[in-house]
Every structure is written in C-alpha cells, then in structure tokens.
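J.: Just passing along the structure, written as structure tokens.
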Amino acid sequence: MLDWTDRHCRYFHRLLSRHARLYTEMVTTGALLHGDVARHLLFSAEEHPVALQLGGSEPADLAQCARLAQRWGYDEVNLNCGCPSERVQRGAFGACLMHEPRLVADCVKAMADTVSLPITVKHRIGIGRDERYAFVRDFVGTVAEAGCRVFIVHARNAWLEGLSPKENREIPPLRYNVARALKADFPALTIVVNGGLDTDAAVQAQLDAGLDGAMVGRAAYHNPWWLASWDARYFGAAPATLTHEAVEEAMVRYMEREAAAHGTPWYSIARHMLGLRHGLPGARRWRQVWSDHRLKHLPAAEVMARARVPGAPKPSLCEPL
Ligand SMILES: Cc1cc2nc3c(=O)[nH]c(=O)nc-3n(C[C@H](O)[C@H](O)[C@H](O)COP(=O)(O)O)c2cc1C
C-alpha cells in the first residue's frame, strides 16, 4: 500500500505469519528504470514469499522490470490494474488499463516471455458507473489467454472522476458476487478476493463461497496481530506460539541490524508496528512511546524498555529531551 507499507512493514508482518503472501506497494516502471533500483527492490530474505507489484503499461518496460524482479529474488510479479489516482491515470496505467484488456494481455505476455516468475494481475470489477459483469469477465478472459493464472479482484468499481483514491476504496459498493461469478466462469483460474475483509468470518465466507484466497489490506495494517492466527487457521500450520513481546523484541533486533547496515532510524520501522497491541490494555501508552519522535536519539532497545513500563509517566516527562 503506497505510502503505508515498505520492506520494514513486510518484515514485521512476516514475523506474524510465515505463510501469508506479502505484496510490495506499487512500484512504477519509470521509478525502476530511471530511479534508484535498490531503494525500490531491496528486501530481506525473511520476507518470502513476496510479490513485486508493478505499475506501468509499456510491455517492453514491464518486461525489463520483471527481469529486475527475478534478479532480485521476488516470487511473483503483479500488475496493478486497480489504482484510480489521477497521477496514475495521467500515466495511463492502474485502473484505466481495464479499458484496454488487449494491452494488459500484451503486458502480461511480455513479462511471462521474459521471466519464469508467475505474472498476476490485481484489478477492479468495473470502471465508473458501468456495472455490467461482461466488462470484467471479458477483461479476465482476455488477460488469462495471455498466460495470467491468478487474478486479485478488488471487488468494487473504480470511479475515475470525482473521487479521491481514499474515497475510491470506500464509496463504490463492494460486490463480492462478481468475484464469485468470475470463479464460476473461470474455475481453472485462481481468483483471490479483496476489499473490506476485516474479520475471519468475512474471509471464511469468501473461501466457503469457492474463492481461492483473500487479500487483506487496511485491516492487516491497523490490526497486525490478526495475522498471528492465519498460519494455523488458513495454512494448516501448528498454532502460533508467538507473544506480542517476542514480536516486539524481534523487531528491536531488526531495527538494530537495519541501523547498523543502512543507518535506518528506528522510528521509520516502528511506525508499522504501532497497531501491534491494538485492543490490549495499555495499548495507547505503548503506542505513544513508540511514536514519540522526541525519543529518536535513544537506541530502540531503550525505547522498548520505556514502552513496557506499566503506568510510567509519559516519556516527555521523564527527562528533558
Ligand atoms: C494507503 C493505501 C495505499 C494503497 N496502495 C496500493 C498499491 O500500491 N497497490 C494496490 O494494488 N493497492 C493499493 N491499495 C489498495 C489496497 O491494496 C486494497 O485493494 C484496498 O485497500 C481494499 O482492500 P482492504 O479493504 O483490505 O484495505 C492501497 C490502499 C491504501 C489504504
């Protein structure tokens, strides 16, 4: 998720679930071909399985980026056909690509011909107010012919005019039945549903309806501890023996390694774990300590120690900063 997630967030989420597939935020072909490749593609070995999501619409550029993804060790390349932002529309990719299924097919084919990684597509179920099922059915059919076997369906339309990207994740109604219809029409494809899933009951209802998987965005970010139950519940693994404290300690060790290797300040990593104690007593104070930039001169282990002292005065009162 652009502006929210990064490799540090994925490292954190991987501590909570060993099996959930993690996706990068969208990286544009322009950023990769003309920018700092390492900044966009670096990740820790622990993050596997991890997919690189690309934004672009030039088959040759996407193929070159897919090659980079393979070289850097990603497990999958996903093409974004769902982002409605104006910037992305100006670049003629993201959701507006749904109007051009043949071009998307060419993009998929160019990437599939270049690398051995699976090429997948994330898309909406329609553009604007057009809710005809045939539109998304034909999109999926055309793109599948080019070799895409996995479709991640954000089950609402993208309204390309008049709504901000945030509103475009909230206002167009969710229509999960469209994802189900796609699965019925294309039983051999893997259809993963996305959008508004924030409880196990909601996820299970989709799986029970025959969908092959669920992608969770915002709820996973805000309530990451939910992920700790997924390996047992959805992947048949033994129940997790994780504790919040062990995860926090592992993150502190990671912060120390990242600081030594790349000079990364602890707070640019800690921001992703602020929801770790979501719903637990003392969560607010714990979160305040970990998000207090006035502590930024302290080592991460010291911040953790302060965050853990129950009932301690707020950090800003402990000493002059
Ligand atoms: C801040 C933010 C950034 C996002 N960036 C991306 C992105 O880079 N690529 C993408 O495919 N979807 C992106 N999304 C959309 C989510 O992946 C997801 O499709 C959407 O939020 C609906 O799922 P959810 O209800 O589980 O969050 C973003 C969402 C948010 C909130």
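Each Cβ is built from the backbone N, Cα and C atoms, and glycine gets one as well.
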J.: If I go by TrEMBL, which of K109, K122, K296 binds FMN at the same site as Q53, H154, N194, G195, G196, G217, R218?
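T.: Answer per TrEMBL: K122.
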J.: Let me check the 10 A CB neighbour count of N80 (site 'Interacts with tRNA'). How many other CB atoms are there?
T.: 25
J.: From the recorded positions listed here (H154, K166, G195, G196, R287), select those whose CB sits under 6 A from an atom of ligand 1.
T.: H154, G195, G196
J.: Of all the recorded positions given, namely N80, C83, R284, R287, which is spatially nearest to R218 (FMN binding site) at the Cα level?
T.: C83
J.: Please work out the number of neighbouring Cβ atoms within 10 Å of the Cβ of K122 (FMN binding site), leaving out its own Cβ.
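T.: Result for K122 (FMN binding site): 23 other Cβ atoms within 10 Å.
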